[in-house]
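The block underneath contains the structure these notes are about, expressed in structure tokens.
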Amino acid sequence: MTTIRQRRVGKGTEAAEDQPSEETNVKPDGKIPPDPPGGKLWNILSITVGGIVAISLGLLTSVYVATLHENDLWFSNIKEVEREISFRTECGLYYSYYKQMIQAASIQQGLHGLVYDNKTESVRTINILERMNVYQEVFLSILYRILPIQQYLEPVYFYIYTLFGLQAVYVIALYVTSWLLSGTWLSGLLAACWYITNRVDTTRVEFTIPLRENWALPFFAVQIAAITYLLRTHLQPAQERLTLMAVFMATFLFSLTWQFNQFMMLIQALALFTLDCLDMLPTAKVTWLYIIQISGLLLVCVLQFFNSMILGSLLISFNVSVLIARTIQKNLKKGGLLNRLGKLILHVLLVLCLTLLINKLIKKILNLESDEHIFKFLKAKFGFGATRDFDANLYLCEEAFGLLPLNTFSRLSSTLLFYIYGFVLFLLTVAAVIVAFRNLSGSNQVQLKEKMEEYTVTLKPDAAYSLVHTVLFGCLALSTMRMKYLWTSHMCVFASFGLCSTEVWKLILKCLHLYTSQRTQVLKYSVPIITLLYISFKFWPGIMDELSELREFYDPDTVELMNWIKSNTPNTAVFAGSMQLLAGVKLCTGRTLTNHPHYEDKNLRERTKQIYQIYAKRSPSDVHGILRSFGTDYVILEDSICYERRHSRGCRLRDLLDVANGHIMDGLGENEPDLKPSLYPRFCEEIKKNLPSYTAYFTRVFQNKTFHVYKLAKHK
């Protein structure tokens, strides 16, 4: 097991608001009068200061997470094999392709090795660029080869520094989004500070560096910032075109770097669809965003050699359905309240039916089953019937795919983030309901609008999008803990925007009958500054203590295993074992694998279930036959899986296998009535007794406290 042990070592406030409200100072003809010379100079100064603060905070965040990573592992001092083992599970698999490209004789040979790969899955040749999102590793490896930095910087540091550098992009994008929403860079400063002080819940980059989300989320944040700017009113045509280009590039890079991009953008498309139906966003801009999502995903599909999982995604089916439904129902936004509600219900039903029809048709034509495990998991997770499906249960039993733990909210509340977020969310939700009702009622009379504005705040398109975005991604995070990082980072943006928003304070003061323009401005700046001071005084000492705590990587059993494999097995040897361990075997030794953690392929899922029979109750001849069918030369058994205690009964890997095989589970507890006792003992336990029935097929060649390696007999 990998552990971290204690290291043994020898002994200002903002000047002014730079962005005036979009609704003010607009002439009757719709044109914005030019700012006076003094105001323009002040705006330039404020934007310059805000930009410098944004870049500084981004760079500080990069240095912060890089320092934490170094302090936690003593990365600069440990051996190369230990560095590689620290890239756990799928992280190691992705990094192995970067290493493979670096070590290739030429770039062309490296690319050929990825396109025609026969070491990731034994007895199969697969296209890595089609199956996995590893173009970032390819790009980085090529960049490292052509830049004159080899003698100054090791490949692994070039890789991890790039990821830590992307954290700077991430923080700057969050800062800019909050700034655009509120009109003051003080809001961006508060968002960045919340992101850093809530690091445990906003990022995990320092200990899962190569994870796909650490590549993708910075680009997703850039995309949200660009959409926020796009939804502002009074944009010039040139500004709009440049912003659309920025949205497209960010969408494309986000899609290219994460296999789950389609599901995240589907939620984004649902947010756009909801707001468009309620007439809270400009339809033309929403249409462009639908088209950008489709075109970005299709471009990625081409680069991934027409990956069928992308073509069969719900996002493409949904966006196409919306565009078709809109052409069918042209008068959707005309009529009274009841008339429009009726049209909306029909519109939603039409879009839903078209989406399911188009998606089913595409999947039938392409014979697509790569993502079926996700829908099985969702069906079981939300209570639509129990399942014995091994893949679905494998996800259901992982904590990362469970509900968001309640202690998350206590951590977020300690920085005041959750309290302020909840308050702003409530206020803007009320405002959104009022605005939506007014839009659906078709109330265009000037007098009624003026009367409404005396008591409520009009919700700007960018704020409306941010509201629905945070609600939908909040629901995703509550249902699946692993996805909380999409929500908590935007929570920082949303809460800071609300605290620095003129409209929010104006609404609060009007409800209390205390509104004056001066009070609004005082509260808009004083409350965020007080919040920043509170965060600084409370959390600065803790951050300093965290940065001074020194540990080191310590996993001698895995290091011993990897060194033995490199020294005592041929380069062509094929290894079977758990997905997580085999990713490290490929990275550290370059040996061929039978299975691996990238689970988005039906054949691989079926293969993994078969390989995992080493932890089930099967006969030695059955297990040997299964392993040899995949060309296995060596099998690695892990005590931590065979005698697992991390999960409760029913969620241990051996329990999942027993249920899938129709066998009664071990230990005290209930079993389903149709499960039967197995005719054989558990393979991973019985093989260690060296009985003749086992030694005829398997010979133990290595063991330590954690791992047991057996060589398979070649005979049938």
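Each residue, glycine too, has its Cβ placed from N, Cα and C.
Unlike curated entries, TrEMBL annotations are predicted automatically.
Among the features that TrEMBL reports, compositional bias 'Basic residues' is placed at 1-10.
What TrEMBL lists as region 'Disordered' is 1-34.
Positions annotated as transmembrane segment by TrEMBL: 41-66 (among others).
Per TrEMBL, transmembrane segment is recorded for 156-181 (among others). With a threshold of 8 Å between CB atoms, the same-chain residues lying at least 6 positions outside the transmembrane segment (156-181) that come near it are 19, 50, 53-55, 57-59, 61-63, 65-66, 69, 75, 80, 83, 95, 98, 140, 144, 149, 187-192, 195-196, 203, 205, 209-210, 214-215, 217-219, 221-222, 224-225, 228-229, 232, 462-463, 466, 489-490, 492-493, 496-497, 500-501.
Positions annotated as transmembrane segment by TrEMBL: 215-232 (among others).
Look at TrEMBL and you will find 244-270 (among others) tagged as transmembrane segment.
As annotated by TrEMBL, transmembrane segment applies to 290-323 (among others).
Under 8 Å from some Cβ of the transmembrane segment (344-362) lie the Cβ atoms of residues 273, 277, 311-312, 314, 316-318, 320-322, 324-325, 328-329, 332, 368, 440, all in the same chain and six or more residues away from its ends. Look at TrEMBL and you will find 344-362 (among others) tagged as transmembrane segment.
Under the heading transmembrane segment, TrEMBL lists 416-441 (among others).
Remote same-chain partners of the transmembrane segment (487-509), defined as residues 6 or more beyond its termini with a Cβ less than 8 Å from a stretch Cβ, comprise 21, 170, 174, 177-178, 181-184, 186-188, 190-192, 194-195, 198, 201-203, 217, 221, 224, 412, 417-418, 420-421, 423-425, 427-428, 431, 456-458, 460, 463, 466-467, 469-470, 473-474, 476-477, 515-516, 519-521, 523-525, 527-528, 531. Annotated transmembrane segment per TrEMBL: 487-509 (among others), in sequence order.
TrEMBL lists 521-540 (among others) with the feature transmembrane segment. Remote same-chain partners of the transmembrane segment (521-540), defined as residues 6 or more beyond its termini with a Cβ less than 8 Å from a stretch Cβ, comprise 13-14, 17, 184, 186-187, 189-190, 193-194, 197, 415-416, 420, 496, 499-502, 505, 509.
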Quiz item: Same chain, outside the transmembrane segment (416-441) by at least 6, Cβ under 8 Å from its Cβ: which residues?
Solution: 194, 198, 278-280, 336-337, 340-341, 344, 409, 449, 452, 456-459, 463-464, 467-468, 470-471, 491-492, 494-495, 497-499, 504, 507-508, 531, 534-535
